[in-house]
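Quick look at what TrEMBL lists:
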TRANSMEM  18-40  transmembrane segment
TRANSMEM  47-70  transmembrane segment
TRANSMEM  82-102  transmembrane segment
REGION    128-151  region 'Disordered'
Amino acid sequence: QAIILVHWLLTVWGSMNYLFPASYAWGNFSILAVGIWAVVQRDSLDAIMMFLTGLLLTVLTDIIHVSVFYPSNDYLTDVKRFSIGMAIFSLLLTPASCYFVYQMYRERGGEYTFNIGLIRAGQDRSTYEPIDQQDASPQWPDPSKAAPHPY
């Protein structure tokens, strides 16, 4: 909840001077809405994973917004400096937020690695033998039974 509150405040301050386009505010506020969903749905791994993915994507989009729309020194007023400073502070704080959100993901039962679906982790099940079937032949001969004589 603190992560969402801090990023909400920094996003409001970062977009208060209309220095950045509307995509800055829409992108950050929509990810914060997903974060609210992740807080409300405490048992949902999808919600926390989408919030983490969204935070990682906002790092990229915030870098693009700050680098493309940074004004020259002639047009920097105090309000614009404050707005840009808060956007940069939000950008610098986002990796720490991602770390804490990832810890929450693991607390909710998420795996250490992300499963994309291309690689299957675990045992190879191709040589699986069920143990509940009685008619399955044993792998090793029973030593109590005598082996037939070859002659």
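Start at 1 and count along the chain as shown; that gives each residue its number.
Any Cβ shown, glycine's included, is placed from N, Cα and C.
Worth saying up front: this structure is predicted, and the values here are computed from it rather than measured.
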Residues of the parent chain within Cβ reach of the transmembrane segment (18-40), under 8 Å, 6 or more residues beyond its termini: 1, 3-4, 7-8, 11, 47-48, 50-51, 54-55, 57-58, 61-62, 65, 69, 71, 80, 83-84, 87, 90, 101, 104
Distant-in-sequence neighbours of the transmembrane segment (47-70), which means Cβ under 8 A and at least six residues beyond its ends: 19-21, 23-24, 27-28, 30-31, 34-35, 37-38, 41, 84, 87-88, 90-91, 94-95, 97-98, 101-102, 104-105, 108, 110
